[in-house]
Amino acid sequence: MAWWKAWVEQEGVTVKGSPHFSPDPDAEILYKAMKGIGTNEQAITDVLTKRSNAQRQQISKSFKAQFGKDLTETLKSELSGKFERLIEALMYPPYRYEAKELHDAMKGLGTKEGVIIEILASRTKHQLREIMKAYEEDYGSSLEEDIQADTSGYLERILVCLLQGSRDDVSGFVDPGLALQDAQDLYAAGEKIHGTDEMKFITILCTRSATHLMRVFEEYEKIANKSIEDSIKSETHGSLEEAMLTVVKCTRNLHSYFAERLHYAMKGAGTRDGTLIRNIVSRSEIDLNLIKSRRCMARPSAA
């Protein structure tokens, strides 16, 4: 399943909410779970993980109306560590949560380029517009301008290009002649010359539709006798390489891309909690079941 179709796949939804939902009793359960000494984390889990995001927002309103407190801030004061981070993520409206993740990735010393690349390369134009709107409302600045201030060179250029959302597939039409020309241009910009014309790669990867790019990748392999991924690895490095490869992965199969992100978040010593929480929470009402199935397919069988 390619990236531009995945977000409408209803069979992929893992969190559908409660069919017999009423926010007031849920708000009362949460209040009692945090009242007095100690916190009933299981009660909090049982309520918040079995409600859709829209239902959680209604619970939050009911909590403030009944008890005069902000639910998210109350939860944060009662919880700690990874569990606090997970519950806070669940309480954010989707686009505000992704805006927060982008803001946090650029906050303080150093920039978490991987977070920015992941979000910008895997969202549709509509989703990116909503994220940018939420970002400006919550942080009082332009997401594009903050990215420009926090990154530089070709990485900055590819991120700004991705933010425009020009890859959305509208008609599904592919011009075979243009696809062949793009493949030839990519070959001429990399494998054929000494050095690399990075902007040619960026322009084609960020402005062509996904269906068009799939055809370009096929034509490229015929011309170069190697995959576009192998050429990107040999022609670029660092965060620019990661960004280009992410675009290719999301174009080929979005669910496989997120399955890979989850796999590496749990691989080896320690867990990359931020990646794990962000991807499970942000995809839970979109396509997490389909991502899980791709991860199971990719998992090597026991010897």
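These residue numbers are counts, starting from 1, taken along the chain as shown.
Placed from the backbone N, Cα and C atoms, the Cβ positions cover glycine too.
Marked as Ca(2+) binding site by TrEMBL: M266, G268, G270.
Overlay of TrEMBL feature records on the structure.
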residue : record              : Cβ contacts under 8 Å, 6 or more apart
M266    : Ca(2+) binding site : R272, L276
G268    : Ca(2+) binding site : none
G270    : Ca(2+) binding site : none
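Those same-chain residues not listed among M266, G268, G270 yet with C-beta within 8 angstroms of the centroid of the Ca(2+) site C-beta atoms are A265, K267, A269, T271, R272.
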